[in-house]
Amino acid sequence: MELQEVLHMNGGESDTSYAKNSSYNQLVLTKVKPVLEQCIRELLRANLPNINKCIKVADLGCASGPNTLLTVRDIVQSIDKVGQEEKNELEHPTIQIFLNDLFQNDFNSVFKLLPSFYRKLEKENGRKIGSCLISAMPGSFYGRLFPEESMHFLHSCYSVHWLSQVPSGLVTELGISANKGIIYSSKASPPPVQKAYLDQFTKDFTTFLRIHSEELLSRGRMLLTCICKGDESDGLNTIDLLERAINDLVVEGLLEEEKLDSFNLPLYTPSLEVVKCIVEEEGSFEILYLETFKVRYDAGFSIDDDYQVRSLFQVYCDEHVKAAYVTFFFRAVFEPILASHFGEAIMPDLFHRFAKNAAKALRLGNGFYNSLIISLAKKPEKSDV
């Protein structure tokens, strides 16, 4: 099965769907929003062609469910807020938003929400229906999506850490896994494996920057958020917890060792330095903002979080209940690719073990997702300076 066919979130509205298990991502969007507003402010002040009439925006790797439209809402609100603050003709330009993800993404779950979303925009923002136009643009964001110099603003949250393919060179000349017992580029991976993943990310991210710089107008903006490398003190990340669960199944004879050794996630968590270096070497963009932040696995659930997102369960919960929350979110993201390799039948047992590992991490006070935000401006052509 082709990677693009399984690299998507759980669709629909079941208990394990992304639509029902994405409050963590809502929290991340809350963290990103101040940077988004500043990015929009700089964009509108740049006075790009046709921006007074229609601002063209794309969300790359939009996923599905309510979070997709939360991103759209934040972008629209930022544009309207800045327009009001600037007191100029940009107060209510038409906004054309393209939602991009791979072909297997559940776009229908988003489209079903549009009528109520448009009504809410009209009620809360004073935007008449028709002043915000939302459509889908399916396809890989590692390829061309839009005409040259046609877009004002590109946004992507929690997508660019996904690679276009599993790196080559993960099998030795003897046909043995070079990353035996490990499912991604971790601290325990041999140096050649770490280099293979870094090389693939460098190739993919360079392609991403080059292609989308061609689609952006001169001085257009791009805002990216992705998972990044953490600190030694953070403990195991969720991929490590998954890896332990799979290894336990192998040890107990419930899963063939070959299945584990032949599985490598097409995912890479870069460091801030790596991202900065790639952007500078590719050369199309100026870095306006670059920072990292960390959030606990169970953020978005606990009533102790210092964020706007709050749990539906306003009671004290132990680590097992919180671990179940973490597991549902993780399963919504990773189940399609895991089930395609290991089989549907073993998924309940696998995620049960994952939940136990997550509970241990939370009990020890460990368990963080590390994220990176980078705001970019396309460098003007010499003739535009």
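Backbone N, Cα and C atoms are what each Cβ position is placed from, and that goes for glycine too.
These numbers come from a predicted model, not from an experiment.
What Swiss-Prot records for the Mg(2+) site is Asp261, Phe263, Asn264, and among Asn179, Asn237, Asn357 the residue it adds there is Asn179.
Binding of caffeine is attributed by Swiss-Prot to Tyr158, His161, Trp162, Thr238, and the same site annotation extends, among Tyr325, Tyr369, to Tyr369. Annotated S-adenosyl-L-homocysteine-binding residues in Swiss-Prot are Tyr18, Cys62, Asn67, Asp101, Leu102, Ser140, Phe141, and among Cys39, Cys132, Cys157 the one listed with them is Cys157.
A separation of roughly 30 Å, to the nearest angstrom, links the Cα atoms of Tyr18 (S-adenosyl-L-homocysteine binding site) and Asn179 (Mg(2+) binding site). Taking Leu102, Trp162, Asn179, Phe263, Asn264 as the binding-site residues under consideration, the smallest Cα distance to Glu344 (site 'Involved in substrate discrimination') is found for Phe263. Among the recorded positions His155, Tyr158, Trp162, Asn264, Tyr369, the residue whose Cα lies closest in space to that of Ser140 (S-adenosyl-L-homocysteine binding site) is Trp162.
Around Asp101 (S-adenosyl-L-homocysteine binding site), a 10 Å sphere centred on its CB holds 26 further CB atoms from the protein chains shown. Of all residue pairs in the caffeine-binding list (Tyr158, His161, Trp162, Thr238, Tyr369), the one with the greatest Cα separation is 15 Å apart.
Among the recorded positions listed (Cys62, Phe141, His155, Tyr158, Thr238), Thr238 has its Cα nearest to the Cα of Asp261 (Mg(2+) binding site).
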